[in-house]
C-alpha cells in the first residue's frame, strides 16, 4: 500500500550545510507488512493495496537477509547518485568498481551452496571488469556447459570456485546469480546519508537531483514540492522500480506538485509472461487519473531530462 514521501534533507547533507531553500525533493516509499486476516480483508476492499505472498516479496529469504539485500541496493544507489550529481555539477569525483555483490544464487546454478549472500565476485576466469554489465556480457558469451572459474571475496578471504555455464530463465547463458554493483566513491565533498531502516534502489534519481541542486548555484526547486522514483545507473539512466502506482498516491497525499517516473520500454521477457504489462510511466498516469490528482506526472529516462524539466 502507499507509504510516505520523505524530504531528502532529513536523510542527506552536503558539506554539512543546512539547505533552507523553499520547496523540497522527496523520495517515496511503499508500506509493507505481514498481513493479519483483518488486513487481508482490508486489502481486498481498498484501492491501491497489493497483496502478495511472502515468497513473492522476499524471494524466499529470511527477513534479515531481505533487509541486507536492500541495503546493498541502497548503497549502490547512493554511490551512483553521488557520482552522477558531482559529474553533472563539474566536480572532481571517481567511482571505483570493486566487483559485484552476490544477492542470490539460482537453484540450478552450479555455484549454489558455494557463493553466499554478500560475497563479492571480483573476476571470472582471471578477468576483471569495469562494471557488472561487462561481467554479464562476458559470461553470457561463454558456451552452455563450459567450465568457468569465479574469483570472489567471502568474509574478507579471497577465494575461487569452479562451475559451469547454465541457461538462464531469460534465455541467456550465465552462472545463475543475482547481483548488484559493489562500488566506492572518491570525492573531496562530504556527502553523508542517514538512511538506516531504508533500503532498495528506487530513491536514486531523487538523491541525484537533491545533491546536484545543492552543489550548483541554481535553485531548481523554485519553492516546489517535487517527488519521484527511479533507480540511478552509472551512466545517468533512470531504471524501473516496483509500485509506481502506489508511489503516485503517496506523493499526492504529501502534496507533491511534480512526480518523476521512469519511462522505459517493458522488457520482452516481461511482455511474454504478461502481454498487458505496462511501463512505470503508464502505471503512474493511470493511478494519477484514478485519484484525480493535479500533480504533474513527468516521464524520464535519464537524470538530465529531469534537470532540464526543472529548469523550464
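Don't overthink the numbers, they just go from 1 along the chain as shown.
The backbone N, Cα and C atoms fix where each Cβ goes, and this holds for glycine too.
The DSSP secondary structure for residue 202 (active site) is coil. Neighbour list (residue 202 (active site), Cβ cut-off 8 Å, at least 6 residues apart, same chain): 27, 28, 77, 229, 230, 231, 241, 242. Taken from TrEMBL, the feature active site covers 202 (among others).
Residues or ranges marked as active site in TrEMBL: 247 (among others). The DSSP secondary structure for residue 247 (active site) is helix.
As annotated by TrEMBL, domain 'Lon proteolytic' applies to 198-312.
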